[in-house]
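Peer 1: If you look up TrEMBL, you'll see A:65-160 marked as domain 'Cytochrome oxidase subunit II transmembrane region profile'. If you look up TrEMBL, you'll see A:163-343 marked as domain 'Cytochrome oxidase subunit II copper A binding'. The transmembrane segment annotation in TrEMBL covers A:6-24, A:45-66, A:86-111, A:132-151.
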Amino acid sequence: MTVFLIIIVIALLGITFWQMSKILKLSKSQSSEDPTIASDKDNKIQGYLMLAFLIVFNIFMLYNFWSYSKFYLPEAASAHGEDYDRLMFISIGLIMVVQVLTQFLLHYFSFKYKGEKGKKAFFYADNDKLEFIWTIIPVIVLAGLIIYGLFTWSEIMNVEEDEDTVVIELYAYQFGWKARYAGEDNTLGKANVRFIEGINTVGIDESDSYAMDDKITSELHLPVDKKVLFKLRSQDVLHSAYFPFFRAQMNVVPGMITQFGFTPTITSEEMRNSEYMVDKVTEINQIRKENSKELVANGEMALDPYEFEYYLLCNKICGISHYNMQMKIVVESEEDYKEWLAGQESFGETMAKQEENNKQ
Amino acid sequence: MSALANATVAQDHHGHDDHGHHHKETFITKYIFSQDHKMIAKQYLITGLIMGALGILMSVLFRIQIAWPEQSFAIFELLLGEKYAPDGVMNADAYLALVTIHGTIMVFFVLTAGLSGTFSNFLIPLQIGARDMASGFLNMVSYWIFFISSVIMISSLFVESGPASAGWTIYPPLSALPEAIPGSGMGMTLWLISMAFFIAQSLLGSLNYIVTVINLRTKGMSMTRLPLTIWALFVTAIIGVVSFPVLLSAALMLIMDRSFGTSFFLSDIYIKGEVLAHQGGSPVLFEHLFWFLGHPEVYIVILPAMGLVSEIMASNSRKPIFGYRAMVASILAIAFLSTIVWGHHMFVSGMNPFLGSVFTFTTLLIAIPSAVKAFNWITTLWKGNLQMNTGMLFSIGFVSTFITGGLTGIILGDSTLDINVHDTYFVIAHFHLVMGISALYGLFAGVYHWFPKMFGRMMNKNLGYVHFWVTAIGAYGVFFPMHFIGLAGLPRRYYTNTAFPYFDDLADTNVLITVFAIITAVVQLVFIYNFISSIFYGKRATQNPWRSNTLEWTTPVEHVHGNWPGEIPSVYRWSYDYSKMNIDETDYVIPGQDFVPQNVPLQKNEEELNH
């Protein structure tokens, strides 16, 4: 593919230069024609090119939608994600209607009204009615979009914490993530970077009575169909917790705690077995296989086959390894989640172990 | 051509009574420390083009890395050196630095100084009928401060620890702490100093433009007769004066945080095994200050392009611009709204969600004046007699990319939808089309159109056509597919996407984009060739090659200090009387000539419009 594209580029460049030299020659030989100001012939050629461009551009847009729409993320794996996707599709639909219409008018007019000597342009300076129409139509359409958007926004952002909410702290640092679960008391212990010392890597306040049962993990497990509220904390610079599959994102800001909440609705297992993901993973593995051949030929390791997992990315430039600051997310049934959580070591246990080690 | 049109250009040397402009000029006063606005405009243009070439070259380099990650290229070894491209493989430091400096150069040095600096200087005095800027000296100073600022920015590429690499938005703490990224050492210091100079030149320039437009308009040039170019440049200058000082304050506070231990933006930071003493600041504050300039900045970039396009389109359509008053009103509306929408860059920054709602509202409002402008441009073409000069093609291209890029703003301006596409390639596609490519088209349109006035020679149209069409196809080829990889959730500023196998199927699209980017970049050489060779060997220009109405075309082809050798022409009409018919609808107002320059008095056979 790559080689093929490079060949195309070189061919296109060649054609460009060949055409250019031809044009230069032509423009020199016809000394009667002004090489600097558009003649009727130029107007005609450029007018037709505008028409051609309109057609090519429309085909190109169609091609993009046809072959790249599959890139759009799979069905949202969170409760609010459905609303998000609906609003997104409505917006894209509206935009494309306006896009096709206005691009058509723009390029078609450029073709239709290409200049000719002796042709008279229509002196048309103002029309209040027309201008009123195309002011009011965007106003109405946008009002609809704004109202829809704002309702969805406030629904997503106003997370009310109740007894059932799972509160998890996400802790960001150069270049990784940690999750802190509240433990049995369902309350996160106090924390600040000033308490970071040794194995207390996220700066938990050891004197806080809520702290000892907190559990720090390097994977993020979430129970399906339960409201999760993330409290985000950064150790050093700005990061952004980006959960594309859940249509969720919030920056992580040193010096303050930000939050974002959502309810996961599709387990990792279900997502992995969805038609979308099976197709996608098959294609990706095909690509990886192809790439591996090249690597092996160069004496390097082959790529591992890919299996889908949800992941969390950093989406705010944070330094050299920004591109690889990720965390695996597992959405599972509540029983599985509880079982996994029970198997994790609490902060108190970690500290006790440490002390014992120190004594020995 | 009728004698009327040239009435005021009569070479009446006895009328040259203004100031003593006859003093001898040396090479230095004419070409280097010139106080003539036309020369200063050319200095801005050429500096801007050189910076632009650098910025585009950088984008090609990092696009190659994105398409073929961590592969060896001789060009990397050649340009980046052993430290940043060991064995020809670009490293992450170099990648982030290139992305950062590309953004900085293109936004500030090319599209702000190169575009509005050039055309404000060149067109304001010529189109309003003034001998020069209100203060020629300040004008000269502002260019030379810009020059110093450019030199400092370029020199930051050569410091030991590398140039700034925290992204062009330089959010602290990353930009404040050399421990966090090497580019935040000396490189960042130079970046901030360079920007401080840049802001100073922008303010000096803007104040000069405002004063000139308000005070130095010739007789009869009321505000409602100003060409739309001047309206756009005038309002741009006002936005600049309102918002640039805020960036300066942000930069100064960042300098204080970096060097003098203050804590405006820093709090609770643990880095390299140490807790920093900074306490109580907030990076969100920096984001507010940055975007209070940063958002108006995109209108500082796009408004001049809009003005140039309006003028070129009317002139080449041989028709008045449609809805002049609506065009002025929308410029003013955009300018006002531009200062109260900055928060849409910060929907997920951790600021109060209620603020997000407010900013969604104001942001989507901007779509209304923008839509009015787009519809008015399209109507200007309707039933015209379109002269397809290169400037015209770029103007049509401008409207096309402005619409394509602007429409996705409806998605990004909606706080809800922004959640999942924030900081992805969708954003890159959006702003490159709507302000990057569009503003560049405006710049090209302006250069092709006013080149005869700037250099007294014409540019070659066929080379212009090649330049336009390859650029038009290439630009869409680069940025249209980007929307889709953004919708796949691919974040921007990733050195490589291979860390996430999920993105493996996007690799081909990224290669395609890079191929288009290389083609588009290479074809700019055609422009550079056309530009340079036309300066020396282009066909000599006539006085009014595009048969335009505005005053600059009443000045002689050879530049004179003071613009008009005789008296300054008076103005009797607006600048859009193209194809205006006489009262009996039998012929044009001036028989056989489809345009009526602004300096032609009202004729007996024409109807008076309210302009």
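Here the Cβ of each residue, glycine as well, is placed from N, Cα and C on the backbone.
For the listed features, I'd like the structural context: burial, neighbours, distances.
Peer 2: Beyond the transmembrane segment (A:45-66), the same-chain residues lying 6 or more positions past its ends with a Cβ under 8 Å from any Cβ of the stretch are 38, 96, 99-100, 103-104, 107-108, 110-112, 114.
Outside the transmembrane segment (A:86-111), and at least 6 residues removed from its termini, the chain residues within Cβ reach (under 8 Å) are 47-48, 50-51, 53-54, 57-58, 61, 141, 145, 148-149, 152.
Remote same-chain partners of the transmembrane segment (A:132-151), defined as residues 6 or more beyond its termini with a Cβ less than 8 Å from a stretch Cβ, comprise 87, 90-91, 94.
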Peer 1: Summarise the model confidence on the domain 'Cytochrome oxidase subunit II copper A binding' (A:163-343) as a single mean pLDDT, whole number.
Peer 2: 94
Peer 1: Would you mind splitting the domain 'Cytochrome oxidase subunit II transmembrane region profile' (A:65-160) into helix, strand and coil residue counts from DSSP?
Peer 2: 69 helix, 2 strand, 25 coil
